[in-house]
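Down below is the structure, laid out as structure tokens.
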Amino acid sequence: MGCASSIHISDRVVYHSGKESEDSHSPQQTNTTQHQGNPASGLPLKPPSCKTTLTEVQFGPMKLFKDPLQVLLVFAKEDSQSNGFCWACEKANFRCSMARTPESALECFLEKHHDLVIIDHRHSRHFDAEALCRSIRAVNSSENTVIVAVVKRPDREEASVMPLINAGFNRRYVENGNMMACYNELLQLEHGEVRAQFKLRAGNAIFTAIEQSQEAIEITSEDQVIQYVNPAYESIMGYQQGELIGKEIIEVPKSEKNKPDLLETINSCIRKGKEWQGIYYAKKKNGDSIQQNVKITPVIGQGGKIRHYVSINRPLNDNNKSDKSSERVQAESQTDIQSSKHKDRRKGSLDVRSTTSRGSDGSSQRRHSSMARIHSMTIEAPITKVINIINAAQESSPMPVAEALDRVLEILRTTELYSPQLGTKDEDPHTNDLVGGLMTDGLRRLSGNEYIFSTKQPHHIPSHLTTPLSLNDIPPRIAQTMENENSWDFDIFNLEAATIKRPLTYLGLKIFSRFGVCEFLNCPEATLRSWLQVIEANYHSSNSYHNSSHAADVLHATAYFLCKERVKQSLDPIDEVAALIAATVHDVDHPGRTNSFLCNAGSELAILYNDTAVLESHHAALAFQITTRDDKCNIFKNIERNEYRTLRQAIIDMVLATEMTKHFEHVNKFVNSINKPLAALEENGGNNDEESVKGILTSPENRILVKRMLIKCADISNPCRPQELCIEWAGRISEEYFAQTDEEKRQGLPVVMPVFDRNTCSIPKSQISFIDYFITDMFDAWDAFADLPNLMQHLDNNFKYWKGLDERKLHSLRPPPE
């Protein structure tokens, strides 16, 4: 072909990139050089002279820039027609791929998502062109692709194009191998259908912006028929989209609060093609009137006529403002409105509460009635100071800014400042159930049939502990399994088997010895051994997940993190000892049920701890009860009182940090207080200011954040373990959740996590949700701090593993045997 310098041929696909040159080529030239290039690699070659300038397209006020067109030619055999289009692509500077089979065409399209696909429809014996077109149309990304059928020149009667249209073709091209005919066809396609589709793609971005807008937006036709309302409109007005689309504006109930002639004034203005802006009372679905700052803009369309009206409505929160202030807003100049609108744009995600509650009556009245008391406080909390500053700023702000600050105040009044809000249950039941099960306090009460959760009361010190083992006389088989305990890939399950489900005592002996815990606490090794044994005895071996093997795994991860350079720079020896002890006891006496279950069941623990951090409070309290009850295992007996208080506080804080309701708060504080300041230092000074870095790492507040993050990451590090270990842990936690669901159904309790039904649950989906929602961001932040590339690689591999199973619609831990 004439495009020889940029042709590449593999078994199935020929790739071609256009050159800048626009010299004409003859068919003879085209045929002589077809197989140049490197057929082995299967990759396209792009010549140095290939033109890559972007095409500029104007779309209303938007300027769009697009890459050279991507064209896919599907021809089973080379002939003058395929050569003609190949040459035309080169002359037009389009990027061109050639596929010989439907399979390779679909594969190529999935990889490149071409703007234009030309399929040979002339020879049904080679492949079914219509079936291929339907296959491409089945791909979501083909919505804005133009597909052309090359058809035979009719012998007699012209055939109907309807079968082609039904198959998904946009256009047909009657065969003509003349190169200029092919070139002209491509130019017409580029400036016609392809450019139109390109603008439609840009339109999707505009509608995405409208969907995310916090202002209520309504679009009507020239006849005042409602064609679109955005989610903010639904939230503010109380309607569902389906109740409004297709209705005439006059059918929607109007508020009686507007002046009688206001509607006539508005219509008179906008029908002349002028924009109207002012104060308008709208009636919500529930009958309430809501005062809005409204801006209605006519949109000129085909034929220079008004084709649509766009209405942007912003509720006015403060009903205590005098009528004069309403008149002032109505009389504000266009410039003021525009400038304040820019100031009002908020960064960050759309907060559901701010959208739904901003029109609530009396909100400002409550704010002003309480402000006198807040201002008179002599001791101010930081959040009070923030609220005072915002209120002061509101007094002198334009109305749109004051409304935005009202929404800020609503958000600040919530208690869950760090917890992202999920969408509806239908979006992702696995994520919703995981979050519901792990991040709520379970305050859902039953009437009547309450089940009192009876614990087995194992928390006592066994009267006959087995003979304590010395670190020096650990059985060789067990010692051998712990040889690589300082490696992240250490297999805890081998140790679990070798120790007959007592890994915590043995691993604890070795790790505590490595960190010199006995020396720090000034306690004999025998006391430490007794303590490890009694703590392990109070873990439930009957739990599939929350048993002493999990505690040993978390202890191992904690020790691994403590050896990282950044962590060592941040923490003192007392912090290290606190972290190791906290990891050891963090789930002691765990009943194998979640906090929500215990609260719903009205268990003794939930009553004792007022439904707040029930299990975590119990783990911490019981650990100290067990430890201090008997001198034989009291590892704190010989340390000075103040040191004990500091150590105790650090251990309690770390154990409580494993409660998932505060997950996002801990991660956000860590990122904002440590990662961002460290990153800023690295950017500003090439030779890092060591004193500044040290100040960030060792401040008392930040050391607490590091310890919390460390134990949190250690506690849920399963997805970052080698794949076989990750799969085993996934099976164990799923089994524990299945058992909880079974018991909830037996006892008539609310089912906290319905997706964890052993008959229907997809374990891959649950793991994907857990990684997406809890793991990825947290470990990204921890990796940025501690430098853990091996963990991130395992996480990536494991995510791909679960994704692969899910794509195959498998619900199990492993694929079926081949």
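Quick reminder: no glycine exception, Cβ is built from N, Cα and C everywhere.
According to TrEMBL, the Zn(2+) 1 binding site annotation covers His550, His586, Asp587, Asp715.
Residues annotated as Zn(2+) 2 binding site in TrEMBL: Asp587.
Among the features that TrEMBL reports, compositional bias 'Polar residues' is placed at 26-39.
According to DSSP, the domain 'PAS' (202-273) comprises 35 helix, 13 strand, 24 coil. The domain 'PAS' annotation in TrEMBL covers 202-273.
As annotated by TrEMBL, domain 'PDEase' applies to 470-809.
Marked as region 'Disordered' by TrEMBL: 16-47 (among others).
Residues annotated as region 'Disordered' in TrEMBL: 312-373 (among others).
Neighbours of the Zn(2+) 1 site: apart from His550, His586, Asp587, Asp715, residues of the same chain with C-beta atoms within 8 angstroms of the site's C-beta centroid are His546, Ala551, Val554, Ala583, His590, Thr658. Over all protein chains present, the Cβ of His586 (Zn(2+) 1 binding site) has 27 other Cβ atoms lying within 10 Å. There are 24 other CB atoms within 10 A of the CB of Asp587 (Zn(2+) 1 binding site), with all protein chains counted.
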